[in-house]
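Record features, source Swiss-Prot:
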TOPO_DOM  1-38  topological domain 'Cytoplasmic'
MOD_RES   Y7  phosphotyrosine
TOPO_DOM  60-231  topological domain 'Extracellular'
DOMAIN    121-230  domain 'C-type lectin'
DISULFID  C142-C229  disulfide bond
DISULFID  C208-C221  disulfide bond
Amino acid sequence: MQDEERYMTLNVQSKKRSSAQTSQLTFKDYSVTLHWYKILLGISGTVNGILTLTLISLILLVSQGVLLKCQKGSCSNATQYEDTGDLKVNNGTRRNISNKDLCASRSADQTVLCQSEWLKYQGKCYWFSNEMKSWSDSYVYCLERKSHLLIIHDQLEMAFIQKNLRQLNYVWIGLNFTSLKMTWTWVDGSPIDSKIFFIKGPAKENSCAAIKESKIFSETCSSVFKWICQY
C-alpha cells in the first residue's frame, strides 16, 4: 500500500515538473519570436524611412533641375530689346519686357486645359486673333496674357495652324531677325531650323516673320497683320 502511494506521489511530481518545463519552453519560444518580430519591425521601419527620404530627394532634384534649366536656358532674364534687335516694344513707353513669362509658360503642366476660345493641340493652346497689329504689339498682347507669339516646331504643327486659319492673309508668328545675333530667332531664344523651314524674303534689321499658306515670309515688323498666341 505504501509502495502504491509512493508511486502515485512520484508520478504527480513528475507531471508537475514536465508541465513546468513545457511552460518554460513555451514562454521562451514566445520571447524569442517577439524578439525577432521587433527586429524585423525595426528593419522594415528603417527601409521605409530610407525609401521615403530617397523619394523626397528625387523630387527635389527634379524640381531643381527644371528650375535651373529654365534659368540657364533660353528663358533668360535678358530683355526683349536683346531678343528683338532694335525693335521698340510698345512705342512711347519703351518698356523692357522680361522673358520670365515665357519661361513660366514653357514649364507649365502640359495637361492643362485650354481657356475658352483657345484651341488645343499636342499639349499646347493656341489663340487666333481677329484684330490686326504690328509684330511688336502682337508680341506684347500675347505676353500680357501669359503666352507668346506662335513658335512652330514641325510641319505637323504648321498643318494644324493652316487648318484652323480662316483667311489667306499674312499672320504674325514668334520669329524675327535680330541684329545682335544676325539670325532668325524664335521668341524663346532658339534659332530656326533651316532644314524644316525656309523663309522667303530679306534677312535684315526690322524683319519679322509671318505665315501664309504653310510658308514663312519676311515682312517689315511695322506692318499690321493678325497674329497667333500660344502657351
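Every residue, even glycine, has its Cβ placed from backbone N, Cα and C.
Sequence features annotated in Swiss-Prot and their locations in the structure.
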| residue | record | CB count, 10 Å |
| --- | --- | --- |
| C142 | disulfide bond | 25 |
| C208 | disulfide bond | 28 |
| C221 | disulfide bond | 25 |
| C229 | disulfide bond | 24 |
**Request:** Kindly assign C221 (disulfide bond) to one of the three DSSP-derived states: helix, strand or coil.
**Result:** coil
**Cα-to-Cα gap, C208 (disulfide bond) vs C229 (disulfide bond), nearest whole Å** = 15
**Request:** Report the DSSP secondary-structure composition of the domain 'C-type lectin' (121-230) as helix, strand and coil residue counts.
**Result:** 20 helix, 42 strand, 48 coil
